[in-house]
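K.L.:
Could you have a look at this structure, given as structure tokens, before my questions?
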Amino acid sequence: MRHAHTVAQVRAAEQASPDLGPGLLMQRAARGLAQAVIDLLGGAYGRRVVLLVGSGDNGGDALYAGAVLARRGALVDAWLLGARVHEAALTTFRGAGGRVGTPGPATRGAAHDLVVDGIVGIGGRPGLAPEAIAALEAVSRDALVVAVDVPSGLDADTGRITAPHVEADVTVTFGSHKVAHLVDPAAAACGVVHLVGIGLDLPPAPVEALQAADVAALLPVPDRHAHKYTRGVVGVRAGSSAYPGAGQLCVAGAASGLAGMVRYRPVDDDRETARSVLAAHPEVVTGEGRVQAWVVGSGGGAEAARALGEALNARVPVVIDADALAAVERPLPVPAVLTPHAGELAAMLGISREEVEDDQLAAARRAADRFDAVVVLKGRRTLVAEPVGRVRVNTTGTPWLATAGAGDVLAGLTGSLVAAGLSPFDAASAACWLHGAAASLASAGAPITARAVAAALPEAVRRVLDAR
Ligand SMILES: NC(=O)C1=CN([C@@H]2O[C@H](COP(=O)(O)OP(=O)(O)OC[C@H]3O[C@@H](n4cnc5c(N)ncnc54)[C@H](OP(=O)(O)O)[C@@H]3O)[C@@H](O)[C@H]2O)[C@@H](O)CC1
Ligand SMILES: Nc1ncnc2c1ncn2[C@@H]1O[C@H](COP(=O)(O)OP(=O)(O)O)[C@@H](O)[C@H]1O
Ligand SMILES: [K+]
């Protein structure tokens, strides 16, 4: 599991480990930072590096790392941007041969290869001072940008972007991820995030991200005595005469093989839709019968509210997607997973789409609390929020997944995992992970259809299980 802690939690952990001492933590952080820079540049000797140094310990990390790089033969400039500077780190930096200068060309000739953003870290307020903006503009556009701990200007705790900030290619963070590293839109400004362990003892994290091993541990694997009913039956109430394809795609996600059986009914009971879904998925059963979970709404049009009411009568968990989301006004009588994109969530909360996109974490949490349900806020970094609890961020996938019908596949897949016995929170977060992994497998850099994503799900499952 990848964990993201708040700044307050990191500060408290630092205070609670006096034997580590700030000096030791900083040395560990700086060594990890220097190594990450060396890895990125393929060496240190002769490389040109500039440090943007603020007044706090973030600048101190940059200076100590700069000293390591200078000792290894890099040509390192430091531009001091704050009213103060970490004096001990500056002395070490100078002693190692680092040069202190002002924004401009590299001290010794050619342009800088890499800039280290040590302006502010977890002690920073959002935004950049004019000197920092001027320094960033003075650096060559071709230089790689490595942020120390967090790209300066971001709010480490929320994932929001409210002011000018650094855009990093790589962020090197210490002890634990911070919320901004995982949650969009801030996460997109962090580039690749590299974690350096420094020995902090941290409490449970409010935000986390499943890794392949976590998904492998959650997946339902049939034992030798399994039959289709012990594996769970998922009911799909999706597709209609207006949108028969949504029925096919939702069933394709549900029929990925993680549940024992799929029962299908079009939202509007349109016979032609049922026939087309059966033709595409002969394994699906269309008659009445018990299910362990319902998926309702994808491509349902105006009939979706009635179909949701019928599904709720079954007293089993529901996954609610697309048109059925509009019918959710208060907590439901059964465990539920709601799968809105930003526009749908905005309508549910009575706010604008921009408000949801600007503060995705708050919007997902608010909806989970208000509807007492697991809320899957779909996007580049899909959030899965449980009521008054944890949030998981999905980090798999590809922008090619932004294609019509991909959400229908996700709803069906989520339903199959709920039917197989996972909790709504585990089912939703594991489904998002597999859905993104399947998209990447299907795409391999090329465009994909939602159907291709569903077709790649068994291979995504195989790879996860092989690694366990
Ligand atoms: N905790 C840990 O586990 C470890 C932490 N470590 C490192 O310490 C870092 C935190 O250091 P920190 O506490 O000194 O704060 P930091 O981020 O350097 O900046 C605060 C200073 O900047 C100023 N300032 C504020 N906002 C500003 C702005 N927008 N624009 C310009 N200036 C601004 C503000 O000064 P003020 O303006 O208030 O006088 C304040 O003095 C952390 O990110 C990590 O790198 C590692 O070494 C080891 C383990
Ligand atoms: N930029 C992106 N990068 C990765 N995944 C994305 C991106 N944009 C959207 N997605 C994913 O694509 C899917 C789109 O679902 P949705 O918006 O419901 O589409 P539809 O209603 O057409 O099925 C979601 O799983 C979402 O997380
Ligand atoms: K920084």
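Cβ coordinates are placed from backbone N, Cα and C, and glycine is handled just like the others.
Curation does not apply to TrEMBL; its annotations are automatic.
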K.L.:
According to TrEMBL, Asp57, Asn58, Gly59, Gly60, Asp61, Asp149, Gly299, His341, Asp408 bind (6S)-NADPHX; which of Ala4, Ala205, Ala246 is also listed for that site?
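P.N.:
TrEMBL names Ala246 for this (6S)-NADPHX site.
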K.L.:
Of the residues Asp39, Asp77, Asp117, Asp184, only one is listed by TrEMBL in the K(+) site with Asn58, Ser152. Which is it?
P.N.:
Asp117
K.L.:
Suppose a student reads TrEMBL and sees Lys378, Gly379, Arg380, Arg381, Thr382 listed for AMP. Which of Gly350, Gly405, Gly407 should they find annotated at that same site?
P.N.:
Gly407
K.L.:
How far is it from Asp57 ((6S)-NADPHX binding site) to Arg381 (AMP binding site), counting Cα to Cα, in Å?
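P.N.:
Taking the Cα atoms only, Asp57 ((6S)-NADPHX binding site) lies 30 Å from Arg381 (AMP binding site).
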K.L.:
Which of the binding-site residues Gly59, Ser152, Ala246, His341 has its Cα nearest to the Cα of Gly379 (AMP binding site)?
P.N.:
His341
K.L.:
Any of the binding-site residues Asp57, His341, Arg380, Gly407 with a C-beta atom under 6 A from ligand 3? Give them in order, or none.
P.N.:
none
K.L.:
Provide, as an integer number of angstrom, the distance between the C-alpha atoms of Asn58 (K(+) binding site) and Ala246 ((6S)-NADPHX binding site).
P.N.:
50
K.L.:
Report, in whole Å, the straight Cα-to-Cα distance of Ala246 ((6S)-NADPHX binding site) from Ser152 (K(+) binding site).
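P.N.:
If we compare the Cα positions of Ser152 (K(+) binding site) and Ala246 ((6S)-NADPHX binding site), the gap is 43 Å.
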K.L.:
Quick one: give me the count of other CB atoms within 10 A of the CB of His341 ((6S)-NADPHX binding site).
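P.N.:
A count of 19.
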K.L.:
What is the set of residues, excluding Asn58, Asp117, Ser152, whose C-beta falls within 8 angstroms of the centroid of the C-beta atoms at the K(+) site?
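P.N.:
Here the non-site neighbours turn out to be Leu52, Gly54, Gly59, Ala62, Gly118, Ile119, Val120, Gly121, Gly124, Ala147, Val148, Asp149, Val150, Pro151, Val166.
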